[in-house]
Structures are given as C-alpha cells and as structure tokens.
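In what follows, a single structure is set out as structure tokens and then discussed.
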Amino acid sequence: MDENKNKALTAALAQIEKQYGKGSIMRLGDSDVAKDIQVVSTGSLSLDIALGVGGLPRGRIIEIYGPESSGKTTLTLQVIAEMQKLGGTAAFIDAEHALDPQYAQKIGVNVQELLISQPDNGEQALEITDMLVRSGSVDIVVIDSVAALTPRAEIEGEMGEPQMGLQARLMSQALRKLTANIKRTNTTVIFINQIRMKIGVMFGNPETTTGGNALKFYASVRLDIRRTGSIKRGEEIVGNETRVKVVKNKVAPPFKQADFAILYGEGISRESEIIELGVLHKLIEKAGAWYSYNGEKIGQGRDNVRDYLKEHKDLAHEIEQKIRAAVDLAETNNRTVPPSPSE
C-alpha cells in the first residue's frame, strides 16, 4: 500500500475508533484478535475434544437441541456448574417453568448464586436476556427453551386462533439485537430447543427445530443430543448413554461426535469418559476385566474403576491431562477465566 493510502487508512481507523470506541475495528492479525478463543468446558471431556477448542466458545450463541429426555437441560446445567467453578456468574431463563433446583444442585450447580427468571411470555424472556447480556456482568445465560418462548399476542389471543410466524419473527428480531452485545461483553448465550416433525416430507430428514431459521444462522455452535441406550446396575437403570453430534461449528471443524454417560442424580460421568478415552489412547491398560495405570491395577470392572477414580481425584486429573495432551488439546482452565466487568 502506498504512503498516501496508508495515511488515509490510518486516519479513517482513528476516526472510527474515536467515534465508536476502541476495538470497533482492527486488523485480524492484531494480537487481541488472533489470541486463542476463550472457552468454558461442557463438563464432558469427549465433547470438549469433539468441539475442537476445549469447550463452548465465549461471546457466542449456542443451540442445543434434541428429543424429550435426551439430556439437553442436564448438559446446560453442567456448563453452568463449570462456569461457576471459574468464578463466573450464570443466569437461567426458565421459560418452561420446569427447572428442578435439587437436581441442579446434585450435578454441581451453586443454586444460591444462580440467577433465575420465569418470564410470562417470549418478549419478556428475550428482553431480560438482552439486559443481562448488556450489563456485561453475566458470563453465561441459558434460555430453556425456544419452544416455550410464546409471543405475547399468542397468549392474549383466542385459543385456536392462527398465529402464523409470530415466534420466528420474535426470534429473528431478538437475535439481531443480541448478537453485537454478546460479542462485546463476551457472554455465552445457550438456547435449548426442541424437535418437531415436518408434515409431508417424503425424502430426507423430517425433523426440524422450533422458532424459525434465524437461530440456525446466528448460532456459532449447534449440538444435536440424543439418548442412545440405558445404563444398568443389575436390573436397575441408573443412567443413559448419550451421543452429541456437533452439527455446526464456526470455531473448529464440525461434524464430530461425542459419546458419554449421564448418571441419574450425578450428571455427566467424567470418570467413565476418562476410562474410555484412557483405554483408547493406551494410557490405561485393559486385560480382561482388569484395568491398570502405569503398571498398577486400579480396579476390576468399569464400575469399580469409576469408583476408584472418584476417590482418587488427583489420579483422574493426571490421566485427563495426558488424554488432552494426546489429542493436542490444551488444558481449558488457562483459557476460561471470565473477564471482570471492567474489561
């Protein structure tokens, strides 16, 4: 670039920064832009790996969808618990009016510090979300769920009265407002969504999510969560086998998937993942029913090894860090500390 053009560009950039604030425009190669993406762990080691960056990105919109009882709310509560461990503030917009505080507490959420709102309609829910995001003091906001964001006009209208596209228009308008503030304040906003069936689809996938197409475009990450089986101890069912597919990912290669166990009353079983991934990467040796680490036996049968790792948390952490090193994934704790409101 010649000198005159360079001077003109420098003056234009200075004027833009003066008028709209520092950081309103910058070169992509600047250190502030090119630094590692800040993330928060999902609570699942295999899902952190599948996401490619070690967790869910900060300052982005995330969509988690799946059938009923597939683990959508459990996964988001696990993310909230991980954020709270880092000293972050979390808010839960309970549009379904179905949050169980006791269950949330069991899987590690500090319910005393959790902000909760049970709005009367969709407009109120999204206005509250926008105000929390703009405050810059909340690190994660979860909306449960898009399907329950009923527009005010629909609530006030007659039962059975057609209300074409109201919810889709509401979501589209709200996401246009939210996006810039979410990025500026580095807030993670997670929308939980439900699945519906398209009528008359002969070929292809008949499934679709509620709330129109806007969320599909604005979301940086979309996760499809499904229950794939049951976990039994004897005759008793104690949990679900769960599979999450990364359907969309703007921060790493998409289309990867993660399999993990959700245990009733406990949430995602981190120890089960460490066993499975440890064996896969030859960090844990398996001979028959016995499992060994560094030549020492750590248990017979998965359940016993899981209990052993629960009791020996330092050992579990050591194996986890070796797994992260094996898949070239940095320890997320270095990149997940929430910024202070002044930053």
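Note: Cβ is positioned from N, Cα and C throughout, glycine not excepted.
The ATP binding site annotation in Swiss-Prot covers Gly66, Pro67, Glu68, Ser69, Ser70, Gly71, Lys72, Thr73. Sequence-distant contacts (6 or more apart, same chain, Cβ under 8 Å) of Glu68 (ATP binding site) comprise Gln194.
Around Pro67 (ATP binding site), the same-chain residues at least 6 positions away in sequence with a Cβ under 8 Å from its Cβ are Ile195, Arg226, Arg227.
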